[in-house]
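Engineer: If you look up TrEMBL, you'll see 4-94 marked as domain 'Cytochrome b5 heme-binding'. Taken from TrEMBL, the feature compositional bias 'Polar residues' covers 98-108. Annotated region 'Disordered' per TrEMBL: 98-122, in sequence order. Residues annotated as compositional bias 'Basic and acidic residues' in TrEMBL: 109-122.
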Amino acid sequence: GEVFSLSFQEGQPIYMAVKGVVFDVTSGKEFYGKGAPYNALVGKDSTRGVAKMSLDPEDLTHDTTGLTEEELKSLDDIFNDVYKAKYPIVGYTSQRILNEDGSPNQNFKPEDQPHFSIRDEF
């Protein structure tokens, strides 16, 4: 099922996840906003779609089973050079922080994103 689902209204943040990392892509709303080319990726973990450069609904999933070496390399490049470079990390999906039985994943490490200073807005 969906890890997180969000309804978007004007002025609300736009979130999407790649490799279990949730990014705030609001600053790219010409790409990700309503009616924009990559809007299909939003509000879910679209890792497979990013790897395959696909907007096919069946590729909009965190599942990377059966991807080629090339697709996996492309995924890592886009993850690092586009998403981590341009968009702040706001959280992680349950797949990333929990094991399948729901227990905490001891191997979880937050992504390093030194060029974003986390503003404390609360």
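The backbone N, Cα and C atoms fix where each Cβ goes, glycine too.
These figures come from a predicted structure and were not determined experimentally.
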Engineer: Pull the DSSP breakdown for the compositional bias 'Polar residues' (98-108) and write it out as helix, strand, coil residue counts.
Structural biologist: 0 helix, 2 strand, 9 coil
Engineer: Could you count the residues of the domain 'Cytochrome b5 heme-binding' (4-94) that DSSP puts in helix, in strand and in coil?
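Structural biologist: Residue counts in helix, strand and coil order: 38 helix, 13 strand, 40 coil.
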